[in-house]
């Protein structure tokens, strides 16, 4: 056995009919963990329903009911392998929920794959000014996804035309406007359906000499989409940062006690550590840490862990609280925070006093837009107008926000997963935000359990 491969997360974005699901499905089919029998079953069912051409997209369908409707909605986490990586695909079909999932979702994508359909009319629709594609790409960029791969799909429908591949020039301008550097992007012509340039070089596009991208890490070259995924720069996982673990749930387990559960976002959690929960302001000792019912030496970023804490009742802490190391930049309640907010789809105008619900990590809390400080250019961040009266769809602004209940958030620059949020209103995501700074407070006097203030470990004077 060689060394374990690194994990990378990719998000697949693009216009609704660009072929996202088919392309993603094809990769999972060929490199993923789906067995032959399931695939054959899919093919048979698809043929019976007269949807033979959907068979790859079907790999992404878990729910029978969705199959009959002929569209994919389910956000599915799917995995496949490249020579270098284990890849998790965060499929992104349904637009509204996709946005929320991308922000509060379990994982920050390391790279976005933008799928553009080459068909005449399709391409133009995909990158038009108000297209979903622009929204998705902007969102990925705003949320800190800095690596991008562009796949020009459906080349089979253009008779594999080299001339049509020239749309990469327009696509290149398009991604540049969003904020990406086209030099650092692999542009690959593919057919997600036929499989050309997906895993193997296409025989239909002899004119394509391969892609090249240039980043700080150097120049890389390749022919296929798989090569491009393999050339993603490995993400640095934030183990060296202080611990931040947003709680998903808190359980009471007979004979063991209180067990909070959540995903380690930064740092590590170990037995014996003294931790603080914010904004509850509870401090105690971690007795043990486990994952998938096995004891763990240490929980690392990305691990979903359960841990047992001493003398804390399930009433003291709850979902949305954040656990951190008491001795190392412990988390605190946010009295207010300043965020860069992009309004995506709000039917009216947003002014001071607007109070929607924010979804940030596992917290779900109403926050007031206290003061609109500046309207800014969403690409450069430059100020366009000071103290605007209101903002509307398409605008970006700096806003001072005040939570209606105790809440723990962090600046995006310090702890990314705790520094991005979705603004929900009218059952949809109306805006997204990235936190610039936080005014912290110690909140109410907290509970410190006896376990947290042990003077000396017993072993040291039991000699």
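Note that Cβ sites are derived from N, Cα and C of the backbone, with glycine treated the same way.
The feature region 'G4', as given by Swiss-Prot for the ranges 145-148, 149-152, 153-156, sits at 153-156. The stretch that Swiss-Prot tags with region 'G2', taken from the ranges 70-74, 75-79, 80-84, is 70-74. Along the region 'G2' (70-74), the predicted structure has mean pLDDT 38. For the region 'G4' (153-156), DSSP puts the residue distribution at 2 helix, 1 strand, 1 coil.
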